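In what follows, a structure is listed as structure tokens, so that the remarks can point back to it.
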Amino acid sequence: MNVGTAHSEVNPNTRVMNSRGIWLSYVLAIGLLHVVLLSIPFVSVPVVWTLTNLIHNLGMYIFLHTVKGTPFETPDQGKARLLTHWEQMDYGVQFTASRKFLTITPIVLYFLTSFYTKYDQVHFILNTVSLMTVLIPKLPQLHGVRIFGINKY
């Protein structure tokens, strides 16, 4: 028995999406965002769907693909300091259930948004660019890659 040690992960960022109820909470948060946007007067339903998609994808991009490091003191000699949250998730193992969920969620939201905006050209272009912005960094080939040196340090 190790006295004075906790039974937690070395880096809590690696397992946060595997916590109980986190997927349901995530979907409910997206639904809540959509309902709040729907309650704004004089905003049409297609605009609300596009705003829901854009806000979700912007938040996902910022929190998963630009913020690096961990808010915890980790004994990994600073390895997590240079990794984004997406790269830390599940210890960098690709194609886990959490990664699949976070990859499929913006795609489903994109399909819903495209349907409810009736494939309007402006909405379609905005939503497609937004989707590509969050899907491309999730590709396994881009694990640890910094395009043009952006977010290198």
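Any Cβ shown, glycine's included, is placed from N, Cα and C.
For reference, Swiss-Prot has these:
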- Pro137: hydroxyproline (MOD_RES)
- 1-17: region 'Important for ceramide level-sensing' (REGION)
- 1-21: topological domain 'Cytoplasmic' (TOPO_DOM)
- 64-94: topological domain 'Cytoplasmic' (TOPO_DOM)
- 118-121: topological domain 'Extracellular' (TOPO_DOM)
- 143-153: topological domain 'Cytoplasmic' (TOPO_DOM)
- 22-42: transmembrane segment (TRANSMEM)
- 43-63: transmembrane segment (TRANSMEM)
- 95-117: transmembrane segment (TRANSMEM)
- 122-142: transmembrane segment (TRANSMEM)
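When DSSP labels each residue, the topological domain 'Extracellular' (118-121) comes out as 1 helix, 0 strand, 3 coil, counted as helix, strand and coil in that order. Less than 8 angstroms from the CB of the residue listed as 'hydroxyproline' sit Tyr61, Leu64, His65, Trp86, each of them six or more residues away in the same chain. Away from its own ends, the transmembrane segment (22-42) comes close to residues 16, 48-49, 51-52, 55-56, 101, 105, 109 of its chain (Cβ-Cβ under 8 Å, at least six residues beyond either end). Residues 30, 33-34, 37, 85, 102, 106, 109-110, 112-113, 116-118, 120, 123, 126-127, 130-131, 133-134, 137 of the same chain sit 6 or more residues outside the transmembrane segment (43-63) yet have a Cβ under 8 Å from a Cβ within it. When Cβ-Cβ distances below 8 Å are used as the criterion, the transmembrane segment (122-142) is approached by residues 46, 49-50, 53-54, 57-58, 60-61, 64-65, 86, 94-95, 99, 102-103, 106-107, 110, 113-114 of the same chain, each at least six residues removed from its ends.
Tertiary proximity for the transmembrane segment (95-117) is limited to same-chain residues at least six positions away from its ends with a CB under 8 Å from its CB atoms, namely 17-18, 23, 26-27, 30, 45-46, 49-50, 52-53, 56-57, 60, 64, 86, 89, 123-124, 127-128, 130-131, 134-135, 138, 140.
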